[in-house]
Each structure stands twice: as structure tokens, then as C-alpha cells.
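S.K.: Below you'll find the structure I mean.
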Amino acid sequence: MAGGAFAPTSGGKEYPGKFTFRVFFTCLFAATGGLIFGYDLGISGGVTSMDVFLKDFFPDVYQKESSVKASDDQYCKFDSQILTLFTSSLYLAALVSSIGASMATRKYGRRPTMMTSGLLFAAGAIINGLAKNVVMLIVGRLFLGFGIGCANQSVPIYLSEVAPSKYRGALNMMFQLFITIGILIANSLNYAFARLIGGDMAWRLSLGGAIVPGLIILLGSYFLPDTPNSEIERGNYGRAKDLLLKLRDVDNVDEEFNDLVEASEKAKLVKHAWLNIFKRKYRPQLVFAVCIPMFQQLTGMNVIVFYAPVLFKTIGFGSNASLLSSLITGFVNMLATFASIFTVDKLGRRKLFLMGGTQMLICQVVITIAIAMKFGVSGNPGVISGTYAGAVVAFICVYVAGFAWSWGPLGWLVPSEIFPLEVRSAAQSINVSVNMIFTFVIAQIFTAMLCHLKFGLFICFAVCVVIMSIFIYKLLPETKGVPIEEMTVVWRNHPHWSKYFDEDDAQFETSKPKDIASA
């Protein structure tokens with residue numbers, strides 16, 4: 001079944017194994033964990049642009065928005081810290097839960113953590129759908145955040161550990177694919193409910209509908225096995241080998257199994273992963289576990305995802321038209337992710353990072369010029385033609401596509417595959433925590449930044465894209481096709497990062513594993 005999107009690559013030791021339906025569907029069901037993150041990303045911005053929702057929960061914002069005339073400053077009409085807290089509170093909860101999830105993932109396995117994510121997310125959906133006041137909204141958001149933190153911690157690791165190394169990039173990126181599917185579904189429901197149902201039920205159905213993706217990951221995870229790495233980590237050697245034989249669909253997996261056990265034995269020597277991860281020999285990977293999620297948010301993409309309807313209303317679209325425009329960008333986001341799946345194991349991680357960064361930079365410059373020419377610093381656009389507004393949406397779509405096939409999926413793939421087993425769960429927790437911190441900050445301050453920086457906001461994001469592209473070009477080694485348990489060799493051979501490894505580390509990492517294939 002190999003071919004097309006799943007063409008094999010080389011880059012290190014190659015274990016025997018086929019691309020099987022079992023591997024594909026195992027990864028497919030696990031990747032549905034991305035639905036909950038994507039659904040929330042898409043639903044919150046659409047709901048906060050519904051007049052009836054604003055009138056019920058944020059009357060001050062509604063009054064301010066409804067009183068703004070075309071001749072007034074359009075940049076500031078949604079500037080409200082209470083409104084942005086509704087969106088951003090979730091990501092503080094996700095940050096906290098990701099830390100707890102790292103310990104649960106290591107001690108109890110990846111699968112139970114994934115099930116917990118679905119349960120918590122479904123609970124948050126019920127509370128939000130029945131909300132009577134802002135407090136209930138925030139409490140519901142916190143439960144949603146706990147679920148997202150658990151999913152973002154466990155699912156990328158699960159995918160990287162189950163997938164054969166030569167197909168790992170494409171299979172791991174299904175997580176990002178389901179994030180984009182979740183965004184698209186949320187945008188579609190927002191538009192449909194606002195247009196066809198309207199009133200109080202529109203936003204209740206949008207928020208309460210989050211129970212569906214929550215139940216999907218809960219039930220899907222129930223029927224999945226845990227990863228061979230996790231089974232070995234908890235001492236279930238026989239079960240791990242049987243599972244590996246089924247996943248690889250070959251008669252002999254001794255070499256890969258022995259390497260996994262060796263990695264587990266090494267991991268057991270590390271009693272406190274959270275302390276050990278800051279040791280010098282993990283410094284190269286740790287830098288990327290922090291910088292990649294930070295830069296991923298500083299692209300400005302989540303501004304588009306969170307506040308697309310708000311942003312489109314700001315640049316002259318009506319309420320339903322703004323929801324339709326965000327639906328269009330959501331569709332582009334999903335389609336462009338397939339480009340990444342088809343190319344990541346052929347072109348590699350570095351090329352996609354750099355090509356996507358260039359595409360985003362060009363679009364940000366064009367969008368900045370277009371908004372500056374029409375709105376200036378006064379925020380008074382006058383009459384906006386449909387052609388002009390449509391051109392802005394078109395460039396936003398090209399920008400979204402650039403993110404969707406580069407920094408979007410790679411932001412989850414690369415951090416999940418570069419760490420050795422002994423600190424992998426803690427490292428993924430750091431990755432998720434940094435992602436959530438910057439997601440929270442961007443969500444919380446966007447409307448204020450738009451009000452005060454005007455079109456200059458997009459210049460800030462463009463500068464960040466330049467910096468992060470240089471960072472990738474100079475410091476990221478290529479990891480395509482490298483077995484996950486051999487990843488340290490890539491860093492040890494890098495001209496910049498090699499100084500962080502001493503001879504003892506090199507000898508230990510390249511030593512022959514003891515023969516325990518019959519365990």
C-alpha cells in the first residue's frame with residue numbers, strides 16, 4: 001500500500017515493516033484527537049461574532065460594535081479583554097493539564113490519556129451549551145482546555161511511536177489534518193446555525209456540538225492498542241512484541257524490538273525526567289521543543305483561526321458574510337494540509353518549514369499593504385468594494401495554505417519525534433505548554449493589538465516569520481526517515497549541536513543492544 005503520500009524515505013537504520021491497513025487505521029483513529037482542538041479553534045471565533053451571543057453575555061461589546069459607524073475606527077470595535085478571556089482561558093487550562101498528562105502518559109500509557117481527553121472535552125461542551133452566564137462559559141472552557149491539553153500531549157507521541165520511521169511524517173501529520181477538519185466543521189456549523197436557526201439556539205448548538213468530537217476520541221481510543229514503546233516502558237514485553245509484529249506485518253521485528261527495549265532500559269535510569277531534560281545532552285532538542293511551538297503561534301495564524309469572523313467584520317464584511325469567509329479559509333486550511341502529507345517524507349522537514357515561511361511572509365506583506373492603503377491609521381475605510389475585500393480574503397487564503405502545509409503540522413511532528421524515550425513525555429509536555437502559553441497570549445491581546453498597532457500588527461508577524469525561518473535554516477537538522485530511537489545520532493552529527501555530546505554519550509548510544517528478542 002506504499003506510494004503517493006506514503007512513499008518511503010531513508011535517513012538511518014531501516015527496520016523491516018510494511019505500510020499496512022492496521023497501521024493506517026490505528027493512526028487514523030488516534031489522529032481524531034485533533035478534532036477537539038480544531039473544533040474549538042474554529043467555533044470560538046464564530047460564536048463571538050454572533051450578535052445574539054454578544055448581546056447575551058457581552059452586552060458592552062455588542063453595544064460598542066453596534067454603535068460603530070463606517071466612518072469610525074474599525075480597528076477597535078471588538079477591543080474587550082473580557083471577550084478575549086472567553087477564548088483564551090481554555091489555553092491556560094490546557095497548559096496545566098499537559099503537565100499532569102505527561103506523567104499519566106508515561107505511567108499509565110498513551111491510550112488512557114487520550115480517552116481522558118475526550119471525556120473532559122465532552123464535559124466542557126455540555127457546560128458551555130447550557131451556559132446561563134459568563135462564569136459557566138469560563139468553567140466550560142476550562143474543561144475543554146483540560147481535554148485539549150491531554151490530547152495534544154498524548155496523540156502526537158502515539159502517532160510517532162506507532163508509525164514506521166519511513167512513513168512517520170505523513171502518519172503523524174494526520175493529527176494536524178484532523179485539526180483542520182475540526183476547524184472546517186466548526187466554521188460550517190457556525191455559518192449554518194447562524195443563517196438557518198439564529199437566535200439563542202445558534203450559539204448553544206455551536207458550543208454544545210463540541211460533545212461530538214469529544215466522544216469520537218473517547219470511543220476511538222477505547223478500541224486502540226497502546227504503543228509498543230509504552231507497553232515496554234511498563235514492563236509488558238510480550239504484549240509489546242506481539243503488537244509490533246502486527247503493526248509491521250513481518251515475521252521478524254527483533255532488531256526494532258531490541259532497540260526499543262534498550263531505549264526503555266536507558267529510560268528507567270532516568271528517575272526524574274523533568275529534571276534530567278534540562279541536562280546539557282538534551283539541550284539541542286529542548287531548544288526546539290520551546291522555539292518551534294513559540295514560532296508556530298508567532299506566525300499569526302491563530303489570529304486568523306480564532307478571530308477570522310471578527311477580522312473579516314473589521315474589514316467590511318457583514319455578520320453572515322464574515323462567517324462565510326472564515327468557512328472559505330477553513331476549507332483552504334484543510335486542503336493544504338494534504339500537500340504536507342504528500343511531501344513531508346519526500347522533501348523533508350526543513351524544506352517545508354522554509355518554503356511555507358516564504359509563502360506566509362509574502363502574503364503578510366501584501367495583506368499589510370492592502371489594509372494600510374484602505375484603513376490607514378484612522379481605521380476609517382470609507383466604502384469597501386467587494387473586489388477589494390475579496391482580494392484581501394484571497395491573500396489570507398494563500399497565507400493560510402502556507403501555514404497549513406508547513407508550520408502547522410510540522411509544529412506537532414518535529415517536537416514529538418526528536419526526543420529519546422526517557423524524557424519524551426516531559427518534552428512533549430513542554431512543547432504543548434509553550435504552545436498553549438503563546439496561544440493564550442495571542443488570543444488574549446489580539447483585539448487590543450489590532451486596536452493600537454492598526455495594520456502594523458501584521459508587520460510584527462512578518463518579522464517573526466523572517467526570524468524563525470533563519471532559525472530553522474541555521475539550526476534544524478533533517479529528521480526524515482530516521483528511526484525515532486536513533487534520533488540522537490542526527491543531533492550529534494550536526495555542526496552546531498555536536499558540542500553538546502561527549503564521547504561517553506556516543507559510545508552508550510551506539511552500543512549493541514543485548515539480545516532480548518525472545519522476551
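Any Cβ shown, glycine's included, is placed from N, Cα and C.
These figures come from a predicted structure and were not determined experimentally.
Pulled these features from TrEMBL for this protein:
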- 19-39: transmembrane segment (TRANSMEM)
- 26-480: domain 'Major facilitator superfamily (MFS) profile' (DOMAIN)
- 82-101: transmembrane segment (TRANSMEM)
- 113-131: transmembrane segment (TRANSMEM)
- 137-159: transmembrane segment (TRANSMEM)
- 171-193: transmembrane segment (TRANSMEM)
- 205-224: transmembrane segment (TRANSMEM)
- 286-309: transmembrane segment (TRANSMEM)
- 321-341: transmembrane segment (TRANSMEM)
- 353-376: transmembrane segment (TRANSMEM)
- 388-408: transmembrane segment (TRANSMEM)
- 429-449: transmembrane segment (TRANSMEM)
- 455-476: transmembrane segment (TRANSMEM)
S.K.: If contact means at least 3 Cβ pairs within less than 8 Å, sequence distance 6 or more, would you call the transmembrane segment (429-449) and the transmembrane segment (113-131) in contact?
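M.R.: Stretch pair does not touch.
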S.K.: When the pLDDT values for the domain 'Major facilitator superfamily (MFS) profile' (26-480) are averaged, what is the result?
M.R.: 85
S.K.: Take a look at 113-131, 137-159, 171-193, 205-224, 455-476 and tell me which one has the most Cβ pairs under 8 Å to the transmembrane segment (19-39).
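M.R.: Answer is 171-193, with the largest number of Cβ pairs below 8 Å.
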S.K.: Select the range from 82-101, 113-131, 137-159, 171-193, 353-376 that forms the most Cβ-Cβ pairs under 8 Å with the transmembrane segment (388-408).
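M.R.: Per the Cβ under 8 Å count, 353-376.
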S.K.: In the same chain, who gets a Cβ under 8 Å from the transmembrane segment (137-159) while lying at least 6 residues past its ends?
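M.R.: Distant Cβ neighbours of the transmembrane segment (137-159) are 27, 30-31, 33-34, 36-37, 40, 57, 85-86, 89-98, 101-102, 104-105, 110-111, 113-114, 116-129, 131, 168, 171-172, 174-175, 207, 210, 214, 217, 227, 412-413, 415-416, 424-425, 428-429, 432, 435-436.
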S.K.: Same chain only, please: residues at least 6 beyond the ends of the transmembrane segment (353-376) with a C-beta under 8 Å from a C-beta of the stretch. Say none if there are none.
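M.R.: Here the qualifying positions are 74-75, 299-300, 315, 382, 384, 388, 391-392, 395-396, 398-399, 401-403, 405-407, 410, 454-456, 458-459, 461-462, 465-466, 468-469, 472-473, 476.
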S.K.: Between the transmembrane segment (171-193) and the transmembrane segment (205-224), are there at least three Cβ pairs closer than 8 Å, leaving out pairs fewer than 6 positions apart?
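M.R.: Counting Cβ pairs under 8 Å, at least 3, so yes.
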S.K.: Using Cβ atoms and a strict cutoff of less than 8 Å, what residues sit near the transmembrane segment (113-131) while being 6 or more residues removed from its termini?
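M.R.: For the transmembrane segment (113-131), the list is 30, 33, 36, 57, 97, 101, 104-105, 137, 139-151, 153-155, 158, 204-205, 207-211, 213-222, 224.
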